[in-house]
């Protein structure tokens, strides 16, 4: 068993060896190394064909037309292109956007930028279970609302939003609907023929593909128009100029094909491991799951261990690669803004750990994790004066702390 045990699949996934193998064939002189836009010789034609195959594989994953797939550098760029692209193209129709407080920073900071440009953004607060009720979204809609952006699966707590219902609502009001599917594409079934989503962001490195490549699904019927953010050779039907990175695109295509084929089996195994982990730690006193228990992705488990400081717990769990929030914000010691939005106080938000399980996690690793967590919590609480007070029946909410 390799230490530390990797339980941070929501931050990134290792590249599947089958994907790496395919990518290796697209780099050197004896492989498919040409520029897909070179139309005058075989090197270009071969690269173009490889990109076409990958585009079809990504489209297949979400049941889209391959012409609706725009390759980007990742879900962050896809989110930026979708939100800014719609806002700028349709601004004469209206300048109001709806999103949620628990979105990824790639959506929140893009919306903040649009606010600086004169757009108005409504940030919806979730219920305590992390979900946003349909009625909340509907009541925020106005005549000048041009876009709703709600993620499919939350990166920190794993809750699943009902994008089918939100899509129906948006379509009935003629409002464009963008979904950040970075955490769900390749893990949950997605069908853009059934779901009325207009724009959908996908990341390759969350589904065992390479980093630095993603895609944006842009609906053709009814047609969604975007203002490009990257200008140049007019690649990707003018929406995203720049020479296509054949090896990364081929990697993403292969990852999508494997994800589609193995999704059911992968999820059944991962759900079993997640349950095994939760059953092994839920007996610890004052331990709580964050986010809805039913409507959640099976690979995600966000747990608060009360009366334990998150950072010291992370250090005690040095054999486990886990995080206390998302990788994109774990550089800051602020408590998770997602957990704060659910109504958790600073202490509970600080004592939470995100475990995310994936394709290469084993039972042996989960059992080792359970043992490590139980030992660590016990020893950290033994050192905690707050735990002692709590066990003595002191109501910590009522304590007046002296400020020095």
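Just so it is clear, glycine is given a Cβ too, placed from its N, Cα and C backbone atoms.
The feature active site, cysteine persulfide intermediate is assigned by Swiss-Prot to 328.
Residue 76 (pyridoxal 5'-phosphate binding site) is surrounded by 21 other CB atoms, counting those within 10 A of its CB over all protein chains shown. The pyridoxal 5'-phosphate binding site annotation in Swiss-Prot covers 75, 76, 155, 183, 203, 204, 205, 243 and rests on sequence analysis.
Among the features that Swiss-Prot reports, [2Fe-2S] cluster binding site is placed at 328.
Around residue 206 (N6-(pyridoxal phosphate)lysine), taking its Cβ as the centre, 28 other Cβ atoms fall within 10 Å, counting all chains. Per Swiss-Prot, N6-(pyridoxal phosphate)lysine is recorded for 206, and the stated evidence type is sequence analysis.
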Residue 243 (pyridoxal 5'-phosphate binding site) versus residue 206 (N6-(pyridoxal phosphate)lysine) - Cα distance in angstrom: 23
Spatial neighbours, same chain, of residue 203 (pyridoxal 5'-phosphate binding site) - Cβ under 8 Å, 6+ residues apart: 74, 75, 78, 182, 185, 214
Largest CA-to-CA spread of pyridoxal 5'-phosphate binders 75, 76, 155, 183, 203, 204, 205, 243, angstrom: 30
Chain-internal residues, separated by at least six, CB under 8 A from residue 183 (pyridoxal 5'-phosphate binding site): 10, 151, 152, 153, 154, 155, 158, 206, 297, 300
Number of Cβ atoms other than its own within 10 Å, given for residue 155 (pyridoxal 5'-phosphate binding site): 27
